[in-house]
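Trainee: Quick one: structure below, then a few questions.
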């Protein structure tokens with residue numbers, strides 16, 4: 001009303017003064033403003049029409065599917081983010097029914113690749129479900145006119161807004177983490193140098209080089225002796241030739257020395273990680289296993305020995321099998337670790353047992369010491385030690401010969417999900433809920449290295465210079481043991497990573513996730529070479545055969561699957577541009593036993609273990 005009264009007074013003033021032209025200009029401006037406001041209202045009504053999202057996405061979808069095959073694959077990638085944001089915009093504007101109709105109409109386009117995300121989106125029913133804690137904070141500050149606090153937050157504080165349920169205070173750990181799934185960050189990390197070869201390959205290379213230099217030096221000495229015998233009397237020409245020969249021999253000797261000095265100064269084996277000495281009897285047993293190893297390929301599949309835990313009453317959390325299958329261990333929710341031997345009645349060596357005598361003779365050896373559920377167990381490469389990790393934040397080292405606890409390692413602040421021995425023993429790695437992976441040695445109670453950023457599964461590279469970790473952030477990372485630095489980040493999983501396995505040649509890594517997807521990665525480039533989708537539930541265990549020709553996967557869907565790795569890697573070497581898929585060779589089904597763990601023996605016998613689940 002105040003604006004209308006002001007306009008009337010201005011108009012009366014212009015008429016009284018006789019400003020006719022100014023009065024007409026003011027009238028035209030008033031008419032123009034009124035017409036523009038009407039058009040704005042019409043435009044707002046059209047923008048608020050929910051049908052425009054349906055029409056826009058439908059036209060984009062039709063155009064993408066009808067495009068040339070050369071570009072179709074890349075253009076179809078645009079549909080998923082457009083679909084998600086269109087649905088969220090409809091919900092945010094209050095068009096709940098139209099949003100549900102839009103979601104169910106075009107859901108089939110993305111069901112294959114994004115089924116887990118679609119299940120989460122299906123629960124969004126109102127605009128309040130789209131709000132974040134950050135938005136609530138800004139609404140409060142603006143509503144209460146807290147300008148000083150708002151200025152401090154805008155200038156001094158950086159927020160990382162991420163989807164998901166709000167975290168609890170108990171889950172908030174004070175650690176520095178390398179955040180997330182950003183492609184540019186992964187590319188920057190993946191440019192770092194990586195040593196792929198294993199310890200055995202490097203030993204063979206050094207032995208061949210030393211044999212070659214020794215042979216060359218022997219040939220040079222033999223030629224010198226022949227020259228000396230053939231020369232008579234000490235003629236000047238002969239002495240000149242001898243001097244020239246000595247100079248040449250000296251030059252070659254210098255070059256050989258310089259080459260060996262270069263190798264010694266910059267070895268590909270990092271000197272900081274001292275490896276333990278292997279006893280002679282253990283070496284002999286390893287050589288015996290290697291002589292009797294079965295050669296596996298797509299036509300010669302391995303024999304499988306499956307160990308089933310009975311009457312666990314859903315208390316079995318983890319399982320592990322020794323390298324020769326002579327010992328099987330399980331970690332339970334009642335904080336106990338139980339080990340048994342399928343070959344003998346009472347399992348382990350006849351040492352002092354920790355079980356109570358009231359129960360009489362048990363068919364297993366009971367290890368007690370943890371004060372919470374046991375989540376992981378791992379045998380040493382030679383079967384003389386056993387590691388276990390628990391929710392009590394500790395790792396315990398047990399002797400399978402003494403049947404006793406040797407060391408309790410403390411350092412993590414939250415439950416320890418996984419623990420693994422290195423391929424040569426002595427060193428081991430752990431992954432915890434405090435978002436750190438730690439490197440330990442058996443002779444020290446404090447960790448040697450701390451890698452911050454991941455919390456789930458952990459596995460060693462075959463050359464002992466790297467460890468890999470998987471986490472709930474859907475990424476896999478490779479860490480340098482000496483520096484504690486992340487040198488590779490692998491992005492591609494759509495759910496939590498639960499299992500990892502390194503190939504024996506050190507060039508590839510396999511990872512399994514909660515959705516049943518398996519991905520094989522090229523460690524040098526950091527890209528996925530073979531995405532797999534053979535399982536219908538969580539992939540809990542992965543294992544490569546000794547020569548790396550086959551990959552075995554165990555899942556909660558009660559199956560063990562065998563994949564042909566050798567043929568896929570051969571195709572990869574000849575054609576780097578195409579994404580290759582592993583060929584599934586065989587599916588081995590259990591009656592009602594989810595597969596907890598897998599392990600190939602040194603003779604290429606596949607061991608597997610799980611707990612009978614009557615409810616599945």
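Keep in mind that glycine also has a Cβ here, set from the backbone N, Cα and C atoms.
Heads up, TrEMBL stuff is auto-annotated, nobody curated it.
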Trainee: Looking at the ranges 338-357, 358-377, 378-397, which is given as region 'Disordered' in TrEMBL?
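Mentor: Region 'Disordered', as annotated by TrEMBL, spans 338-357.
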Trainee: In TrEMBL, which of 152-206, 207-261, 262-316 is tagged region 'Disordered'?
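Mentor: Per TrEMBL, the stretch marked region 'Disordered' is 207-261.
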Trainee: Excluding the flanking five residues on each side, which residues at least 6 beyond the ends of the repeat 'WD' (409-450) place their CB within less than 8 Å of a CB in that stretch?
Mentor: 173, 175, 177, 199, 273, 275-276, 278, 372, 375-382, 385, 387-397, 456-460, 462, 464, 467, 469, 471, 479, 481-482, 484
Trainee: Across the domain 'TFIID subunit TAF5 NTD2' (47-131), what does the pLDDT come to on average, as a whole number?
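Mentor: The predicted confidence over the domain 'TFIID subunit TAF5 NTD2' (47-131), as a mean pLDDT, is 81.
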